[in-house]
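Student: Dropping a structure here in structure tokens format, bear with me for questions.
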């Protein structure tokens, strides 16, 4: 059976203020920009493939006080809608958010300058997770390969150029992380690093818990550490996206939850690519106090 046009690999990216986004998102831009945030909204913000599902499950378990049964009420992508998601005729992310009771936990991959203005005027809380650029690039490549609603990434070498030029969906990694980092002290933003979460998950989970205004017993925190481990989540059909149709995510090409490690970039970057990337990285990150761990 032929795929519907919107599900084919011919999906195009269109730009909004210089940021490439998926065509249906751009077509729904007016609804996204007029979204009405609420003061008690918590927005999970990430560049793609930076630990979004992981932090989402952590937040979910904290919200439910570590109650595993309550956390299993539905698949993870239905719990916290992505504000900019649009894939007609399905309900948009805005539609889903509008139907949720307060307090809401929502998600976005948007850079700060494209966020609906009501988030800023309502002084919402933002939970940002950043992942080092090299691992992020590799993970996003494999996601691009399996995600049938994104353009074909081509070869690794071709995709390498696309990524460093910021021509992937949701734009430049460099601009994204710098944009959120630069405003972290002006708004209620908890800025976390994927690598810190791998190194000491309990410590980082406790930061999130405090940010959410929760005070859970240590044994509950230990339970959350266990339940949100990569191994547990990879085997959990409620978190591993295995319920998504193959016409959207073909996990026979690459699993949604692939490795979840720090330093996998070394299995992909050539010596020449690594040297070139380091030069570009130094130029683009010049002047920022952001520091990333590239391997543990």
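Every residue, even glycine, has its Cβ placed from backbone N, Cα and C.
For 49-54, 131, 139, 194, 228-233, 256-260, the entry in Swiss-Prot reads 3'-phosphoadenylyl sulfate binding site, with the evidence type similarity to another entry. Residues annotated as substrate binding site in Swiss-Prot: 107, 108, 109. The active site, proton acceptor annotation in Swiss-Prot covers 109 and is backed by similarity to another entry.
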Student: Look at the binding-site residues 49, 131 and tell me which residue has the greatest number of other C-beta atoms within 10 angstroms of its C-beta.
Tutor: 131
Student: Counting only other Cβ atoms and using a 10 Å cut-off, which of the binding-site residues 52, 108, 228 scores lowest?
Tutor: 52
Student: Measure from the Cα of residue 49 (3'-phosphoadenylyl sulfate binding site) to the Cα of every one of the binding-site residues 107, 108, 109, then give the nearest.
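Tutor: Going through 107, 108, 109 one by one, the closest to residue 49 (3'-phosphoadenylyl sulfate binding site) is 109.
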Student: Based on Cα coordinates, which of the following binding-site residues are within 10 Å of residue 131 (3'-phosphoadenylyl sulfate binding site): 107, 108, 109?
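Tutor: Matched binding-site residues: none.
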Student: Using a 10 Å radius around each Cβ and counting other Cβ atoms from all shown chains, which of the binding-site residues 107, 109 yields the largest count?
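Tutor: That would be 107, with the most Cβ atoms nearby.
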Student: So which binding-site residues out of 52, 228, 231 end up within 10 angstroms of residue 107 (substrate binding site), measuring C-alpha to C-alpha?
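Tutor: Neighbours among binding-site residues, in sequence order: 52.
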Student: With DSSP assignments reduced to helix, strand and coil, which class does residue 52 (3'-phosphoadenylyl sulfate binding site) get?
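Tutor: DSSP assigns residue 52 (3'-phosphoadenylyl sulfate binding site) to helix.
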Student: Can you list, in sequence order, the residues of the same chain other than 107, 108, 109 whose CB lies within 8 Å of the CB centroid of the substrate site?
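Tutor: Nearby residues not in the site list: 43, 44, 45, 46, 52, 82, 83, 84, 106, 110.
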Student: Between the Cα atoms of residue 108 (substrate binding site) and residue 52 (3'-phosphoadenylyl sulfate binding site), find the distance and write it as a whole number of Å.
Tutor: 9
